[in-house]
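Input: a single structure, listed below in structure tokens.
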């Protein structure tokens, strides 16, 4: 009996979509298809940018990093979801749960910072075009990406370390398909007041601040574009920035819906639906949004396929 209790304490159950057994085959096929499209699409973006010398610019350097992060982000969550649906074994160890939560938070925060960096890059390119090469030099681009990686991992590690100190004396069934922050908090019987204060502070730092940077950048961009006399020039700028704005709106909208609320009012159903959007749908759509609205990316992808075809002949 003692061994059984220790096992139940060391494991969590990811209930996920187990309440709908008749939908399991459909969900497995849907999530597998989205996962494959996400990984393939983002890897193609990275390969196209790496193979085309014309795309070795700051904007595409940041895009390649975003595609890499989206691939890692999806791989942190979806394989475990697919394995749970296929085997109907929903257990995850306490350590495995914390590791998944850590990488989920770190990569989600990294997405936040990279989207802000990309907005700043567009602001400099459109509003300060004569100083663009000086401001967005390779050293500064590397510094911005490195700072984004460092900050995201530091913020994620602080919350993960605090969560590892909690005891879970109630049910160990998590009504979610991965180890997310708020569902785990609902199970903790320790005092979580300090954790929630820190969580909201980090959410403000890593969510509100980058989003403010994005909004300020685009306010300057719109002000500059409106003074462009030609309609063609305006259309070119808006088509370049529209892809980024679409991704920002989808990503931030779902994140704010889930995380900017007290844990006491957290709804598992709403949380799962929103989580599917930002963990699976958004990373899958990003390659299409950036490639279909971008002439240079379409040309690079076509060149990549042509080179592959020539090498096989």
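Here the Cβ of each residue, glycine as well, is placed from N, Cα and C on the backbone.
Feature annotation from TrEMBL assigns domain 'G-protein coupled receptors family 1 profile' to 41-290.
Positions annotated as transmembrane segment by TrEMBL: 26-48 (among others). Nonlocal intrachain contacts for the transmembrane segment (26-48), taken as residues 6+ away from its ends with a CB within less than 8 angstroms of a stretch CB, comprise 17, 20, 55, 63-64, 67-68, 70-71, 74-75, 78-79, 81-82, 85-86, 280-281, 283-284, 286-288, 290-291, 297, 300-301, 303-304.
Here TrEMBL flags 60-79 (among others) as transmembrane segment. Sequence-distant contacts of the transmembrane segment (60-79) (same chain, six or more residues past either end, CB-CB distance under 8 Å): 31, 34-35, 38-39, 42-43, 45-46, 49-50, 100, 103-104, 107-108, 110-111, 114-115, 117-118, 121, 141, 145, 177-178, 279-280, 282-284, 286-287, 290, 296.
Residues annotated as transmembrane segment in TrEMBL: 99-120 (among others). Non-local neighbours of the transmembrane segment (99-120) in the same chain are 59, 62-63, 65-66, 69-70, 72-73, 76-77, 80, 92, 144-145, 147-149, 151-153, 155-157, 159-160, 163, 178-181, 184, 206-207, 209-211, 213-214, 217-218, 244, 247-248, 251-252, 255, 278-279; each lies 6+ residues outside the stretch with a CB under 8 Å from one of its CB atoms.
Under the heading transmembrane segment, TrEMBL lists 141-174 (among others).
According to TrEMBL, the feature transmembrane segment maps to 194-216 (among others).
Residues or ranges marked as transmembrane segment in TrEMBL: 237-260 (among others).
Here TrEMBL flags 272-292 (among others) as transmembrane segment. If you look at the transmembrane segment (272-292), the same-chain residues 6 or more away from its ends with a CB under 8 A from one of its CBs are 16-17, 31, 34-35, 37-38, 41-42, 44-45, 63, 66-67, 70-71, 73-74, 77-78, 104, 108, 175-178, 180, 243, 246-247, 250-251, 254-255, 257-258, 298, 301.
Within the chain, the transmembrane segment (194-216) has long-range Cβ neighbours (under 8 A, six or more residues past its boundaries) at 109, 112-113, 115-116, 119-120, 151-152, 155, 158-159, 162-163, 166, 181, 185, 248, 252, 255-256, 259-260, 262-263.
This prediction places the mean pLDDT of the domain 'G-protein coupled receptors family 1 profile' (41-290) at 85.
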